[in-house]
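Undergrad: Take a look at the following structure, please.
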Amino acid sequence: MTVSQVRRVAVIGAGISGVVSTAHLVAAGFEVTVFERNQQTGGICINRPCYKNLTTNVSTPLMRIKLRAWPENTPDFVHHSVVNEYIRDIALSTGVDERTIYGARVEHVYKDGGKWHVNWSVLDDNGSIDGLEERRLISTFDAVVVASGHYHSPHIPDIPGLSEVKKRWPSRVIHSKRYRTPEVYRDENVLMIGGGVSSMDISRDLGPFAKMIFQSTRNGDADPPALMLPDNADANDTILVTNGTQVHNIHRDIFYIPDPTLAFVGIPYFNTTFTLFEFQAIAVTAVWSRTACLPSTTEMRREYLVKQKQTGGGRKFHSLKDKEKEYVRDLMAWINDGRNAHGLVPIEGHTAAWFEAMDKLWDEARAAMKERKEQQEKIIKRIPFSADCTSVELPHLN
């Protein structure tokens, strides 16, 4: 199966990356089926995957997509329920909702005989006492978009001793993905492993409730200045792992090099998410509708290896920190070269309003970061990792 033969497409996930991917593919005439394990669109922005007080840390002008503007007078920073409603409105207005199978669990995706096979299951009401019966199905497609995002599978760092603690006290070690409300940590000592945005936001959320908060990190991307661990600060009641997650052989963080009928939308991090993911969805649509041409497999592989060397590989391969503007500029230039060749109107990349909002965000972020650091230093004691980040020891639990 080549990209010139793509017609039927499976999209896995109905968060923002799945919704915008489906919307653009449908507009281009593709037959799309969306598999969503939850009962509604929204991804991480629906109530169950989010912690109660989660608000956006990227302003709504930066998250505006081409398919739909935010409602008039929407604040710059909003509760996750507002974001979920925005995604839901997009899904309803673009035909995504009617093409989505809700409650569908995708269990296996593989290619055989030139077709992609999606093994999935759904629970049906069979009218019996038990009520529900699992129905397993296999559907075939020409191409697949994996739009489950980079928040779906939590990354647990390989720290000696951590897994043993988790086995012995399962409720005392959780990933930030499982964090919901701060009240359950009232009067507890909490150790945060990781120094990124999740760690900072959850620490602030825990501040009024936890007895003490300790943060263990090595060169976190959002680290405030570290404080030395006090002598009596080795006892912790709960460990929160806030490290991020970590795809190999992909071109432009989108196309699987050995077979570009498999695409990923929503993998990069340290970006403005919604707009970035829509540009990726536009790229997928352009390639599969043959208005944009991918380089040869050899050239894609060469570019991949160059980037691998530049970033050091691993999770940082997908980081767009200080690179988003360049990434989108290059992506849209490539897409528009193809559109020009086909006599199509070019698609605008980042708008003037987006750049204005980005400049405003950076000014506000610097001020907010200063304030947040001051707040955190009042509630967090920081444990500086050694260079090799070797272990976590909880003597009082032995």
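Note that Cβ sites are derived from N, Cα and C of the backbone, with glycine treated the same way.
The following feature annotations were taken from Swiss-Prot:
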- GLY13, ALA14, GLY15, ILE16, SER17, GLY18: FAD binding site (BINDING)
- GLY194, GLY195, GLY196, VAL197, SER198, SER199: NADP(+) binding site (BINDING)
- ASN53: N-linked glycosylation site (CARBOHYD)
- ASN57: N-linked glycosylation site (CARBOHYD)
- ASN119: N-linked glycosylation site (CARBOHYD)
- ASN126: N-linked glycosylation site (CARBOHYD)
- ASN236: N-linked glycosylation site (CARBOHYD)
- ASN243: N-linked glycosylation site (CARBOHYD)
- ASN271: N-linked glycosylation site (CARBOHYD)
- 1-22: signal peptide (SIGNAL)
Undergrad: By a simple count of other Cβ atoms within 10 Å, which of GLY15, GLY18, the binding-site residues in the record, is least packed?
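TA: GLY15, out of the binding-site residues GLY15, GLY18, has the fewest neighbouring Cβ atoms within 10 Å.
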Undergrad: Within 10 Å of its Cβ, which one of these recorded positions (ASN53, ASN57, ASN119, SER198) has the largest number of other Cβ atoms?
TA: SER198
Undergrad: Do me a favour and check the Cα-Cα span between ASN119 (N-linked glycosylation site) and GLY13 (FAD binding site); whole Å is fine.
TA: 14
Undergrad: Where does ILE16 (FAD binding site) sit in DSSP terms: helix, strand, or coil?
TA: helix
Undergrad: Would you count the other CB atoms within 10 A of the CB of ALA14 (FAD binding site), including those on all shown protein chains?
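TA: Excluding its own Cβ, ALA14 (FAD binding site) sees 32 Cβ atoms within 10 Å.
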Undergrad: Would you mind reading off the Cα separation of GLY15 (FAD binding site) from ASN57 (N-linked glycosylation site), to the nearest angstrom?
TA: 18
